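In what follows, a structure is listed as structure tokens, so that the remarks can point back to it.
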Amino acid sequence: MDSPPPIPNYENPESIGYRLVIVAVLFPVLALCFLVPRLYTASSIIRKWHPDDYLIIVAFLFTVANSIVCVTQTTLGMGNHIWDLPLPKFMSMMKLGMIGGAMTYNLTTLFVKMSILSFYLRFATANHKFRIAVYMVMFFVVGYTIPNAFLFLYICKPMEFYWNWTIEGGSCINQQAAFDSSNILNMATDFMILLMPIWMLWDLRVGIRRKVGVVGILMAGGFVCGVSTMRMVTAWTGANQTDISWHYVTNLIWCIVEMDIGIVCACLPSLRAFFKQFFPNMFVFSAAFEERLTATLTFRRGRELSSQPQRLESRSTEPANQSESGQRGADQRAWWRRKAAAPDVEQADQKQVTDESSVQVVEKATEGSESGKA
């Protein structure tokens, strides 16, 4: 038999709400520190705005709104023990969280993901299969996020029963199943977005160093996958807690971290142009390493070439008394082989040019080589 709750303390209750307030203030500021350089890059360095720039601004506005909701919830008792909350405050806290909190969280993640996917479309101009895949992921993200954002409209009947348990005859759907499915879909799309650049770029005929560099730029959002996983774990561990106003603080903290880190990761690819403009010395080490790597590879190539004279000398001792007609026949056969292989060689050269163009588009998009005004 469960023990009864402690005596309510409405005057000076124990609270961990301050933790939520600290995170709700600091992390939007952190996101803003990355958003401002990105917007400056778009307006003053690249001098061209793209859809992903506008989408990430909308995402930031929603994450600020979510932080305001969380701070307001702490004034209503979020972070206190549930037995220290008067019923009117508890109902107001639940109502604000279900409507304002859920809506702003889901819309923030929606616009962050749409911004990253729009950035993918910006450079995947020649890969039609990849573009189709991006549009499919976009459709999937919108398809499950919008219903989750407005879950408060249909999760309980009547709607007010979610935050007012005193209503007679009220009922709700399986709330835990709804929240778990939302978390799983959210994390699954995070990993989809993370792995998509590998699929598009790994088969390109470019140097491994450039390939890894470009994939690394596009996979800058990988950290948010770990945050999303951590948030889902905290949601599961706190699902069966009856002291929800106390234990739910941890989940809200991870929600804020996930949203703002998502904005940071979406801005990272655009910051290379900003730092090259204002902090060019940051790339000196990279250039020196590149030069040293090139010299090493050139030295190895020279050693390989120096070992070839012996092989050439051994070949020169072959009999040289072939007839003129036999030599002419060999030349003709070689000519026909080159002729037959010409379409394949031309196609391979064209593939090389296309691959180089795809990589250059990404590098230009991140280094600020574009020009023109929107």
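Cβ atoms here come from the backbone N, Cα and C positions, even for glycine.
Going by TrEMBL, these are the annotated features:
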- 20-42: transmembrane segment (TRANSMEM)
- 38-276: domain 'Rhodopsin' (DOMAIN)
- 54-76: transmembrane segment (TRANSMEM)
- 96-120: transmembrane segment (TRANSMEM)
- 132-155: transmembrane segment (TRANSMEM)
- 184-202: transmembrane segment (TRANSMEM)
- 214-239: transmembrane segment (TRANSMEM)
- 251-275: transmembrane segment (TRANSMEM)
- 304-374: region 'Disordered' (REGION)
- 305-326: compositional bias 'Polar residues' (COMPBIAS)
- 364-374: compositional bias 'Basic and acidic residues' (COMPBIAS)
Mean pLDDT for the domain 'Rhodopsin' (38-276), as a whole number?
87
Candidates 54-76, 132-155, 184-202; stretch with most C-beta pairs under 8 Å toward the transmembrane segment (96-120):
54-76
Name the range, of those listed as 20-42, 132-155, 184-202, 251-275, that has the largest tally of Cβ pairs under 8 Å with the transmembrane segment (54-76).
20-42
Quick test of the contact rule: Cβ under 8 Å, at least six residues beyond the ends. What residues does that give for the transmembrane segment (20-42)?
48-50, 53, 56-57, 60, 63-64, 67-68, 70-71, 73-74, 78-79, 249, 252-253, 256-257, 259-261, 263-264, 267-268, 270-271, 273-274, 277, 368
